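Here's the structure, in structure tokens; my notes come after.
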Amino acid sequence: MQGYLLFPDGRALQGELIGAKRPQLGELVFNTSMTGYQEILTDPSYHRQIVVLTYPEVGNYGCHLEVSESTLGHAAGMVLRNLSPGSFHNRYQQTFDAFLAEIGVTAIIGLDTRKLTQMIRDEGPRNVMIVPAEIAVEEAAKDLAAAAPMAGANLVPEVSTQEKVIHGDGETHIVLLDLGIKLATIRALVERGCRVTQVPWNTDFAAIEALKPDGILLSNGPGDPAAVPGVRPTVAKLMDTYPTMGICLGFQLMALAIGGETYKLPFGHRGGNHPVKFDKRVVITSQNHGFAVHEESIPVDTCEITHHSLFDGSLEGFRMREKPVFGVQFHPEAAPGPNDCLDHFDYFLKQVNQHKGGGDA
């Protein structure tokens, strides 16, 4: 099926639609990863975003259910240069096209993704729409013009669990405040001997306290951190009471809870090759965020800055000086991406166990 990628100024780039083949609207962003298209599509942090993949050949290893980061398709759409004519992998279960259709996501192929990436880099993200050819540009343009920007959008209620879910049966009890969690993060904790209680994003402190957690994990998620209402007081109390780790959006909410400020990045960090300086060494990280924390807004009397991006110098992590609390802007669980930072989960659980045993964190 033929279709087009529609921009707010009326430009329409022609291509071929695959997958769900229905209209999709979202913020246009790019990801530089060479692999991981299935994980990207199912990552809740990509909710309401149309992702341009800079790597030109996609679909060559197909899809297999074990690597999905949720049971749903969260990316609004995907833009590709070429779709591989075949899929070859020992774990292959279905084609990329079939997987897209199954999760209800449309992709458009045949576009110059490098040129689109340069445009996003130079001009910033904006809402776009993938549209089947039978729908007139003028009709689609009305829907596109009415779409709200990502800045100011609270998307967390659309991706968070609606009920409590328990994973694993280990002795260490972690309560996971679900802002849009990836399954890889839950796996990382369960594999390390944890029982993880996943709770909705708006669960209050008293309800979490009643669960008797040993530690708290604030998850990743989509949207503008400054637009998530009512969570800051809960996050502040959790940080004051329990060993706490924040990832991506969770890290940003930690910063806001202690008086920090966030801002929208010019074109975001999305890829599996982002170098971060940490503890006199460089780690390669997986990243997916369009907002960041103003470093100068973090109170240095109570916090220590620990991580910086080597791409643009932006803040990538801090820890509290007198409490077993820390957060990172990147994704230590990767999926997709390198495993350089899985030891951050080990550090978190070391803090949890020391606090649980009455020792110094």
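The first residue you see is number 1, and the count goes up from there.
Yeah, the Cβs are placed from backbone N, Cα and C, and that goes for glycine too.
Caution: TrEMBL annotation is automatic and unverified by curators.
Feature annotation from TrEMBL assigns active site, nucleophile to C248. Every protein chain shown contributes to the tally, and the Cβ of C248 (active site, nucleophile) ends up with 28 other Cβ atoms within 10 Å.
The feature active site is assigned by TrEMBL to H331 (among others). The number of other CB atoms found within 10 A of the CB of H331 (active site), across every protein chain shown, is 26.
The active site annotation in TrEMBL covers E333 (among others). Over all protein chains present, the Cβ of E333 (active site) has 24 other Cβ atoms lying within 10 Å.
Taken residue by residue with DSSP, G221 (L-glutamine binding site) is part of neither helix nor strand, so it is coil. What TrEMBL records for S45, G221, G223, L249, Q252, N288, G290, F291 is L-glutamine binding site.
The domain 'Carbamoyl-phosphate synthase small subunit N-terminal' annotation in TrEMBL covers 1-131. The DSSP breakdown of the domain 'Carbamoyl-phosphate synthase small subunit N-terminal' (1-131) into helical (H, G, I), extended (E, B) and coil residues amounts to 31 helix, 47 strand, 53 coil.
Among the features that TrEMBL reports, region 'CPSase' is placed at 1-172.
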Spatial neighbour of G290 (L-glutamine binding site) that is closest, considering only the active-site residues C248, H331, E333 and their CA atoms: C248
C-alpha spacing of E333 (active site) relative to C248 (active site, nucleophile), in angstrom: 11
Any further residue of that chain within 8 Å (Cβ to the Cβ centroid of S45, G221, G223, L249, Q252, N288, G290, F291) of the recorded L-glutamine site: G180, N220, P222, D224, P225, C248, H289
Distance [Cα-Cα, Å, rounded] between N288 (L-glutamine binding site) and H331 (active site): 8
Which of G221, G223, G290, the listed binding-site residues, has fewest other Cβ atoms within 10 Å: G290
Integer Å distance between the CA atoms belonging to H331 (active site) and G221 (L-glutamine binding site): 11
